[in-house]
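Visitor: I am attaching a structure below and will ask some questions about it afterwards.
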Amino acid sequence: MVASLDNVRGLTLAMSSSAFIGSSFVIKKVGLKKAGDNGVRAASGGFSYLYEPLWWLGMITMILGEVANFAAYAFAPAVLVTPLGALSIIFSAVLAHFILKENLHMFGVVGCILCVVGSVGIVLHAPKERKIDSMKEIWHLATQPGFIVYSCVAVACVLFLIFRVVERSGHRLMLVYIAICSLMGSLTVISVKAVAIALKLSFGGSNQFIYVQTWFFIVVVTICCLVQLNYLNKALDSFNTAVVSPVYYVMFTILTIVANMIMYKDWASQTATQIATQLCGFVTIVAGTFLLHKTRDMGNPPPPPPDQMCLQEAGECAPRSMTSSS
């Protein structure tokens, strides 16, 4: 791919986006912890984090990252922008290790690497984007039967998870929260891409905001982002940040690529070798995700024996019976 000024701008924006978003996971987790110490935790339905300045700092950081990512799609093709989202995993895991003291086991590191390699492999072998000249063309693609079916299935799954699964298993199964965020995220990316193209065309002299379809996509972006934000907070408050970040990236990337494939019908322009390479990427991602789940607690120290209690002030441990008798 020939380098251009637009590609360099998109590349820079995408890399800064990953840095902001990866950092926001950790900053928000610190804010959620502080808020949980002073009120009802987000995982239990509380909203005390709204009064915590650190949580808002994390939100601002995430918004800056999303704005940079949004702008990157306007300047560079998705084949350049999407793989760089993997960098947010590295930023998040490193900061969580040093700030939150959340240790990631060596096998977890291997799982992260597998996730990144698989995701990058899929995107690098994905077909090129088609050229879009108007919002009407995007709307025509979005109203094709295939994408309508995908959208309905995604929304139905999200509603089922929210109203039937979250209350019973959400606090125990991280994938419940992540699935909601990822399904809504795939629709968010489709809508964000449509709005970004509308802005680019409008700045180029062809106003796309005269079409009601443009405003429809803006509304979809707003609703999906609010749902993602709510359940991402619950996931961060309940589970290890170093695991939430890569698993969310993996599932989000898979569903986003599937949604784009369905909407833009890119499979038709690919060779058997390209399709096979993408399938291998999917297998690699699944292997990495499985490894992350199986080793997510191996990096943390084991809890103390039940018959002992640590005296934090004295810096030593004493048997529970001794402390009780004293």
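Cβ coordinates are placed from backbone N, Cα and C, and glycine is handled just like the others.
Straight out of TrEMBL:
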- 12-32: transmembrane segment (TRANSMEM)
- 53-75: transmembrane segment (TRANSMEM)
- 81-100: transmembrane segment (TRANSMEM)
- 107-127: transmembrane segment (TRANSMEM)
- 147-166: transmembrane segment (TRANSMEM)
- 173-198: transmembrane segment (TRANSMEM)
- 210-231: transmembrane segment (TRANSMEM)
- 243-263: transmembrane segment (TRANSMEM)
- 275-292: transmembrane segment (TRANSMEM)
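For the listed features, I'd like the structural context: burial, neighbours, distances.
Guide: Counting residues 6+ beyond its ends, the transmembrane segment (12-32) has Cβ neighbours under 8 Å at 41-42, 49, 52-59, 61-62, 64-66, 68-69, 71-72, 75-76, 80-81, 84-92, 95-96, 99-100, 233, 236-237, 241, 244-245 in the same chain.
Away from its own ends, the transmembrane segment (53-75) comes close to residues 6-7, 9-11, 13-14, 16-21, 23-32, 34-35, 81, 85, 88, 192-193, 195-197, 199-200 of its chain (Cβ-Cβ under 8 Å, at least six residues beyond either end).
Residues 141, 176-177, 179-180, 183-184, 186-187, 227, 231, 255, 258-259, 262-263 of the same chain, all 6+ positions outside the transmembrane segment (147-166), place their C-beta atoms under 8 angstroms from a C-beta of that stretch.
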Visitor: Excluding the flanking five residues on each side, which residues at least 6 beyond the ends of the transmembrane segment (81-100) place their CB within less than 8 Å of a CB in that stretch?
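Guide: Those are 10-11, 14-15, 17-19, 21-23, 25-26, 29-30, 65, 69, 72-73, 112, 115-116, 119-120, 123-124, 240-242, 245-246, 249, 253, 256-257, in sequence order.
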